[in-house]
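*Asks:* Reproduced below are the annotations present in TrEMBL:
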- Asp439, Thr441, Asp816, Asp820: Mg(2+) binding site (BINDING)
- Asp439, Lys440, Thr441, Glu532, Phe574, Lys598, Arg627, Thr708, Gly709, Asp710, Arg790, Lys796, Asn819, Asp820: ATP binding site (BINDING)
- 34-46: compositional bias 'Acidic residues' (COMPBIAS)
- 98-153: domain 'P-type ATPase N-terminal' (DOMAIN)
- 190-329: domain 'P-type ATPase A' (DOMAIN)
- 20-69: region 'Disordered' (REGION)
- 127-145: transmembrane segment (TRANSMEM)
- 151-170: transmembrane segment (TRANSMEM)
- 354-372: transmembrane segment (TRANSMEM)
- 378-399: transmembrane segment (TRANSMEM)
- 877-897: transmembrane segment (TRANSMEM)
- 903-925: transmembrane segment (TRANSMEM)
- 955-975: transmembrane segment (TRANSMEM)
- 981-998: transmembrane segment (TRANSMEM)
- 1010-1029: transmembrane segment (TRANSMEM)
- 1035-1061: transmembrane segment (TRANSMEM)
Amino acid sequence: MYPRRGRGNRSAMEIQLKTLLPDKMAHKHRVSGSEDDSSPLMDEEALSSSSHDSLPIHTGEQRRAAPSKHRTWIKRLITGSGPSKTPRTIPLAGNVPSEKYPPNVIKNQKYNVVTFLPIVLYEQFKFFFNLYFLLVALSQFIPALKIGYLFTYFAPLSFVLVVTIGKEAWDDWKRYKRDQEANSQVYQKLTSSGYQGTPSSEIKVGDLVLIEKNQRVPADCILLRTTESGGACFIRTDQLDGETDWKLRIAVPYTQKLANDQALLRLRAFVYAEKPHKDIHTFVGNLSVETPTGDQVEPLSVENTLWTNTVVASGQAIAMVMYTGVDTRAVMNTSFPSTKVGQLDLEINRLSKILAAVTFVLSITMVALNGFRGLWYIYMFRFLILFSSIIPISLRVNLDMGKTVYSMQIMRDNSIPDTVVRTSTIPEELGRIGYLLTDKTGTLTKNDMELKRLHMGTMSYGGESMEDVRGLVQTAYSARQGTEGSAFRFKRARDIASRVRDIVQALALCHNVTPVIADDGEITYQASSPDEVAIVKWTESIGLTLYFRDRNVIRIRTPDGQMLDFQIIELFPFTSETKRMGIIVKDTATGEIFFYQKGADAIMSKIVQYNDWLDEECGNMAREGLRTLVIGRKRLSEEALREFQRRYSEAKISVGDRNNIMQQVVSETLECDLELLGLTGVEDKLQDGVKTTLELLRNAGLRVWMLTGDKIETATCIAVSCKLVSRNQAIHQIAKMTNSMEAMEELSLLQGKTDCCLVIDGESLHTYLDRHHLEFIQVAIRLPAVVCCRCSPTQKAEITKLIKKYTGQRTCAIGDGGNDVSMIQAAHVGVGIVGKEGKQASLAADFSVTQFSHLTRLLLWHGRNSYKRSAKLSQFVIHRGLIISIMQAVFSAIFYFAPIALYQGLLLVGYATVFTMAPVFSLVLDKDVSEDTALLYPELYKELRKGRSLSFKTFFIWLTISVYQGGVIMMLATWLFEDEFINIVSISFTALIFNELLMVALEINTWHPYMVYSEVITVALYISSMWVLKTDFDLTFILTTTFIWKTAVITAVSSFPLYILKFLKWRWNPPSYTKLAG
């Protein structure tokens, strides 16, 4: 470690700290001395009074912080190591104890060897079906309750468990292999003996790591050096925030200037970093270097960082590891949303409880009819076991397999290519949607920007007149080359050409776009915002091309081929809080210094000089659906620049609330009385088929809400142009509503307008959600369309949850950006669009599509089929269990209410599997209407939302059918075969199997090849099994004509009346779709 200084230096240190701290905090800070080096650098009261982590100055006198005493290895073993809770000070190239910080291990496994079975079994037996059958199976170990063979009860349950456990084990094994592959990636670590290969899992806090081009960043790091002379480095962040555009990162200036990499190891320096947190867009830290002339402090911000899972896109980088493992931003932002359960699953769960009650009532009835004789309670439990097939364990297996089929059909649909089903448990939800919540930019629109309008107060250009701008720019730059000095440019009465040149030059300089020149000389642009790329492409189209940019210089090419260099003095990037960006540049040819700024009109109107046209023109452009940007500039003298730089440098190393202090300096010194250069209007084109899609969905009965961050005028225009607002609908606008009384009055006015579109801004929305959310949602859910503007991601999620809570209807949220993820995860069904903003929304969604128009087919066709098929399949499987239980009840009643099993062993197992499974499962390919009819008549979708395909009414209809068929089969088998009563098992079972096969043919709407083949093959298998199961079938009796014709009569009586009833129902009360098809 570095030698300590004596106490005589304390006063100097205190003075140095006081210059960096606010006055009210400086007196509370103290510096560690030589005797008590373990005391904290800052008083805890001072630390807690700041909204940000306080940043100390580090010198050779300060040692690294001692390991946390309260976190012991025992606590880590019991609770696991969560994110660290305190800031950290790390010596550059020093030794950091590995036990102090979490290991850099990627672990996405859900289980380990110890927890696998307990967790998986718990997840299975928390469902009523599985728990019920477990109890039934365990009851067979009690001699008094034993009925039949053990495998009869354990085989179905074991099959379900083995399939589930195997699937979970396979999925977790794949996660383990992926983790192992990531953890074993080798990185070069800088040591005193050179670079050494180190696996990612062994990288520790404080290590200096070399990251190659196209290599994943293994941990959260501080960028120290790059191969670019200016210290610039581009990274790809699509795996972190979903954005596909490259981001610019800058190496720490002091370390970038070092002679070579080994010089890093000789530095006496410390890095201070704030405590780990989730925000990937902010970072506060300091690099303190001890030099012969004194301590030098370099402020660190997010532009000096490389977060885990980002990828270096240009050159090589040397970075110092600051956070590892669970402390990294990527891990802290990894959320595991709650598993979504479909409404159909909830309905089936309710029906299963009714079935349990039916089982209990039937058992009690059997005992009661016998007069509660003998050990009646034992008999009751035996009856409960005999009737256990009323709750079919195969139901969940059939439904899960059906959902897999639906998911495959969706992904293989050529009409909606590249659609991905990420949550295969809720495809039926697509057929029950009542509310659609959609983003605007990139979802309804293409996020394909084009500058359409340029307005400068007295002059306006757009459409064909844009060609005039090209000529004016060329004239202005030709004049520049032929004049002395810059008097022409800055005299008050400038001509039109110079004014156009000024705004075009401002647009070519004020951005964060970087040109990338390909081998063939073609220039492409990288930026985090498509708006900026659109503007830079427009300046290129009129002759002013962004040719080169690094962290120090911007070079633009004029229409006549001349190169103009501008030195970048300071850059103020765009943030969602400031809603503007600025840049200070110096013209290297003339020495003039300008501050350029562009931003939202609501912000910029307060910054630019007074004018009487800006607000009006912003409104006009917004009504045309254009996104507006206001451009201003300010000329700076050398003296004014020096004063700004002095104050800004002090703000950069401030210890409390750094960002606000920096912004305050910018506001006070730069953002006042800017010259208004003009206003731009950028068009975001509508997605293909948006108008048709919204009209179809509205006709299908969906209520559509647009939740966007755009301004009211732009959102309203897009809502009208995309047909979200129908032709005759009025628009009711609520804006800037902060008063509770006025807010309630607006709601009262809105209550009488049931056929209008509500447009509300974020400020008013906040008022309603904060104070009157119940009243607001009760009024809003009655409206056919709602547009919420200036919405934050949190507000989007909150609105989604309110609609879910107060309507009880299924919601679908669709978006394409990272700001839509919370809304997508909050909805019953989340749909993500793979767009220009990246894949973050797509990866977080249940379904991923490539464009908004695919939603029509997803809901109206696949949603319909999934719901109707699952409803019919589940009820048929329940019927299959009910009918055999009714037969068992009749059989027991004939034998003086004795709890004796009618079917045992392989017959009982085969009934739900080999003998009926394939035909019953063919219902998952059924369709009640054609594809064209479903898409042509979206009104059919309204019927699905009523849930009539699976309801208490349909359940009791199936219950009645099961009672009738089970009773008829058993009674007729007893009556017709009275002389052959010993063969009652083979008689009744054969009639039962053929009855179920006929029921499949009766219930299915469209006979398809799979159904026909499955029926024929099943009949062949059943007949063949008679030769194998000789204990259950007497072949000499079965091969007689008496057996055949009497079995046929039983089957006909049990099933033929249902054909008649179905025919009469279709004749007198046909379904609505048959009328349309006809």
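Backbone N, Cα and C define each Cβ position, glycine as well.
In TrEMBL, annotation is done automatically, which means it is predicted and not curated.
Are these features on the surface or tucked inside, and what touches them?
*Replies:* Taking all protein chains in view, 31 other C-beta atoms sit within 10 angstroms of the C-beta of Asp820 (Mg(2+) binding site).
Residue counts of the domain 'P-type ATPase A' (190-329) by helix, strand and coil are 20 helix, 60 strand, 60 coil (DSSP-based).
If you look at the transmembrane segment (151-170), the same-chain residues 6 or more away from its ends with a CB under 8 A from one of its CBs are 110-111, 116-117, 120-121, 124, 130, 133-134, 136-137, 140, 388, 393-394, 396-397, 904-905, 908-909, 912.
Beyond the ends of the transmembrane segment (1010-1029), by six or more residues, the same chain brings 906-907, 910, 914-916, 918-919, 921-922, 925, 986, 990, 993-994, 997, 1000-1001, 1004, 1035, 1038 to within a C-beta distance below 8 angstroms of the stretch.
Outside the transmembrane segment (1035-1061) by six or more residues, the chain places 961, 964-965, 968-969, 972-973, 976-977, 980, 983, 986-987, 990-991, 994-995, 998-999, 1002, 1026-1027 with a CB less than 8 A from a CB of the stretch.
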*Asks:* Can we call the transmembrane segment (354-372) and the transmembrane segment (877-897) in contact, meaning three or more C-beta pairs below 8 angstroms at a sequence separation of 6+?
*Replies:* yes
*Asks:* Summarise the model's confidence over the domain 'P-type ATPase A' (190-329) as a mean pLDDT value.
*Replies:* 88
*Asks:* Tell me if the transmembrane segment (378-399) touches the transmembrane segment (955-975). I count contact as 3 or more CB pairs below 8 A, with pairs 6 or more residues apart.
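*Replies:* Judged by the Cβ rule, the two regions do not touch, with the required three close pairs absent.
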*Asks:* Among the binding-site residues Phe574, Gly709, Arg790, Asn819, report those whose Cα falls within 10 Å of that of Thr441 (Mg(2+) binding site); none is a fine answer.
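*Replies:* Those near Thr441 (Mg(2+) binding site) - Cα within 10 Å - are Gly709, in sequence order.
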*Asks:* If you measure C-alpha to C-alpha, which of Phe574, Arg627, Arg790 (binding-site residues) come within 10 angstroms of Asp439 (Mg(2+) binding site)?
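*Replies:* Final answer: none.
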*Asks:* What are the helix, strand and coil residue counts for the domain 'P-type ATPase N-terminal' (98-153) according to DSSP?
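*Replies:* Per-class counts: 32 helix, 0 strand, 24 coil.
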*Asks:* Distance check, please: Cα of Gly709 (ATP binding site) against Cα of Asp820 (Mg(2+) binding site), rounded to an integer number of angstrom.
*Replies:* 11
*Asks:* Excluding near sequence neighbours, so keeping only residues 6 or more apart in the same chain, what lies with its CB under 8 A of Phe574 (ATP binding site)?
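*Replies:* Listed in sequence order, they are Asn512, Ser529, Arg580, Met581, Gly599.
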*Asks:* Counting other Cβ atoms within 10 Å of each residue's Cβ, which of the binding-site residues Thr441, Asn819 comes out lowest?
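*Replies:* Relative to the other binding-site residues in Thr441, Asn819, Asn819 has the fewest Cβ atoms within 10 Å.
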*Asks:* Report the same-chain neighbours of Arg790 (ATP binding site): residues 6+ apart in sequence with Cβ closer than 8 Å to its Cβ, ordered by sequence.
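*Replies:* For Arg790 (ATP binding site), the qualifying residues are Gly709, Asp710, Lys711, Ile712, Asp761, Gly762, Glu763, Leu765.
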*Asks:* In this structure, which of the binding-site residues Asp439, Asp816 has the fewest other Cβ atoms within 10 Å of its Cβ?
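*Replies:* Result for the binding-site residues Asp439, Asp816: minimum number of other Cβ atoms within 10 Å at Asp439.
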*Asks:* Arg627 (ATP binding site) to Asp816 (Mg(2+) binding site): how many Å between their Cα atoms?
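*Replies:* If we compare the Cα positions of Arg627 (ATP binding site) and Asp816 (Mg(2+) binding site), the gap is 18 Å.
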